[in-house]
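Visitor: Before I ask anything, here is the structure I am working with.
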């Protein structure tokens, strides 16, 4: 009986330690502060990338960022796979209504861009965004809430 209680308690501890640490993310997705992230080595336009992300997970969109640490986390996922390259992120004025927005509807509370044009990519080497032609093709960074 004592062994059963010990094993049951051990399993409970393992379960509780895994909850919220990625156990809730889909396979191949990485958890960070209540969201799951995945970088895809597939080139597509910004509009196709946003559609692709919405098809990958419930609540999925191109990644939005709210701190430099969050961008650094995405870079840590992207650089080993893509080396020096770019990934689409959710920031755009794709609809040309003169209002910069995240595709997931999140508040624009952190900015790290330069250049011009209507969509954004993030470099895979540092915390910098570039305004980019939406019709060009790039790899994809997706995010969904837990």
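Cβ atoms are placed via backbone N, Cα and C, with glycine included.
The structure displayed is predicted, hence computed values, not measured ones.
Below are the features I grabbed from Swiss-Prot:
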- 25-36: disulfide bond (DISULFID)
- 53-142: disulfide bond (DISULFID)
- 119-134: disulfide bond (DISULFID)
- 32-143: domain 'C-type lectin' (DOMAIN)
- 1-23: signal peptide (SIGNAL)
Visitor: Here are the disulfide-bonded residues: 25, 36, 53, 119. Which has the lowest count of other Cβ atoms within 10 Å?
Guide: 25
Visitor: Under a three-state reduction of DSSP output, how is residue 36 (disulfide bond) classified: helix, strand, or coil?
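Guide: Its secondary structure by DSSP: strand.
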Visitor: In terms of DSSP three-state secondary structure, what is the assignment for residue 53 (disulfide bond)?
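Guide: Where residue 53 (disulfide bond) sits, the three-state DSSP reduction gives helix.
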Visitor: Of the disulfide-bonded residues 25, 36, 134, which one has its Cα closest to the Cα of residue 142 (disulfide bond)?
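Guide: Closest recorded candidate to residue 142 (disulfide bond) by Cα: 36.
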Visitor: Of 134, 142, which of the disulfide-bonded residues has the most Cβ neighbours inside 10 Å?
Guide: 142
Visitor: Under a three-state reduction of DSSP output, how is residue 134 (disulfide bond) classified: helix, strand, or coil?
Guide: coil
Visitor: If one measures from the C-alpha of residue 53 (disulfide bond) to the C-alpha of residue 36 (disulfide bond), what distance in angstrom results, rounded to a whole number?
Guide: 12
